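Chemist: Please read through the structure below; I'll follow up with questions.
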Amino acid sequence: MKTAVLSLFLALQTYARVTGSPSGFAAGTTGGGSATPAAPSSLDELVQWITDDKPRVILIDRTWDFIGTEGTTTGKCCSMPSTTVCSGGTSKGQAWIQDHCDGGSWVSCKYDNAALTPLDVGSNKSIVGVGNKGVIKGKGLRVRNGNKNVIIQNIHITNLNPQYVWGGDAITLDNADKVWIDHNKISLIGRQFIVSGWGKAGHVTISNNEFDGRTSWSAGCNGKHYWTLLLLGEQDYYTFQGNWLHDVSGRAPHMGTDHTKSQIFFHGVNNYFQNVGGHAFDVDTNTWVLLEGNYFENVNTPLTDTSLRAGGKLYTTSTVAAAGACQDKLGYICEWNRLAGSGAWKDRTDADVKTKAAAFKSSLVGHYPVADVPAKVVANAGVGKL
């Protein structure tokens with residue numbers, strides 16, 4: 001018995017720490033730091049550890065299933081012709097959990113309550129999956145109310161009422177700072193894979209994650225999840241690097257809004273967009289977006305037309321001249337973006353983006369050749385690949 005316990009302890013210690021450290025805007029984030037790593041023994045203990053105010057390194061060494069733990073709701077959801085009925089579509093649609101139904105009709109529905117209320121992550125936390133075993137099912141994570149210094153690494157978040165819009169968000173950032181989201185997988189979510197609230201998300205690095213949009217219920221009626229990333233915060237700096245976004249159909253990502261004092265800088269580097277049955281980037285006002293070394297394969301609309309007229313500033317690096325022109329402000333030659341079997345890429349070289357980026361050059365991560373993106377990203381992004 002003692003030998004078995006010791007073996008388990010040693011196995012956990014192999015994965016007991018965060019792997020690597022964040023680059024980009026979340027550089028310096030330490031999470032639970034030197035706190036003793038530990039795996040919770042019950043759902044109640046998991047919730048307590050994630051939400052309390054103590055520095056912790058929390059090991060997720062199994063599937064923690066929240067489905068059914070807070071009951072279910074049976075009632076009426078809104079069925080919309082374009083997103084729910086899906087006449088002629090290739091998948092089922094999504095009904096809407098909401099209290100109005102203009103232009104639609106009410107239908108009976110039943111959804112799980114746990115997914116509607118995320119776990120509020122306290123400051124100074126590292127939530128780390130063990131090998132490929134770390135799964136949080138039926139509930140998301142939220143960093144808000146001034147909490148900061150959080151690492152979420154090597155976790156699969158899945159099954160948050162995927163058949164319903166507003167069924168749940170996987171990761172929420174609202175009045176937060178210094179968050180590193182790394183080597184996770186997100187799948188089968190009702191609404192957003194990652195969403196910011198109206199407050200600031202702060203300094204965030206989203207790296208090496210797999211956003212898996214394959215689903216039986218799609219608002220795009222095509223078996224691809226629509227609600228991918230919605231970034232709206234008041235004062236946000238995003239490094240988005242090495243992520244694999246596949247089989248999604250929209251908001252991949254959407255950023256910016258004129259409804260708040262939103263100010264967003266977004267550096268997207270070496271991401272792989274694959275089989276996107278709608279649009280990838282959708283950029284609104286009050287944003288500065290630098291895109292380099294991203295690979296778009298079978299993407300209907302890599303960058304929406306509205307992105308060019310909504311007021312945001314973009315540097316899309318689509319020509320040799322644009323790549324070389326980075327050097328004057330940034331001190332390096334940008335990597336161009338590549339398309340394969342995809343819609344047209346829009347050429348924008350707003351100088352304001354380079355000027356903005358030059359103020360924090362130390363937070364701009366390096367790139368590798370865009371031709372290497374598909375193989376490298378698929379090999380590295382997601383759980384169990386640390």
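A Cβ is built for glycine as well, from the same backbone N, Cα and C atoms used for every other residue.
According to Swiss-Prot, the record shows the following:
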- 1-16: signal peptide (SIGNAL)
- C77-C101: disulfide bond (DISULFID)
- N124: N-linked glycosylation site (CARBOHYD)
- R251: active site (ACT_SITE)
- C326-C334: disulfide bond (DISULFID)
Chemist: Measuring Cα to Cα, how many angstrom lie between the residue listed as 'active site' and C334 (disulfide bond)?
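Modeler: Spelling it out, the Cα of the residue listed as 'active site' and the Cα of C334 (disulfide bond) are 24 Å apart.
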Chemist: Fill in the CA-CA distance, C101 (disulfide bond) to the residue listed as 'N-linked glycosylation site', as an integer in Å.
Modeler: 41
Chemist: State the three-class DSSP label for C77 (disulfide bond), counting H, G and I as helix, E and B as strand, and everything else as coil.
Modeler: strand
Chemist: With Cβ-Cβ distance below 8 Å and at least 6 positions apart along the chain, what are the contacts of N124 (N-linked glycosylation site)? List them in sequence order.
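Modeler: Expected: T30, G31, G32, G33, A35, K54, P55, R56, N149, V150.
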Chemist: List the Cα distance (Å, whole number) between C334 (disulfide bond) and C77 (disulfide bond).
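Modeler: Their Cα atoms are separated by 47 Å.
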Chemist: Within 10 Å of the Cβ of C101 (disulfide bond), how many other Cβ atoms can you find? Include all protein chains, please.
Modeler: 16
Chemist: How far is it from C77 (disulfide bond) to C326 (disulfide bond), counting Cα to Cα, in Å?
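Modeler: Between the alpha carbons of C77 (disulfide bond) and C326 (disulfide bond) there are 50 Å.
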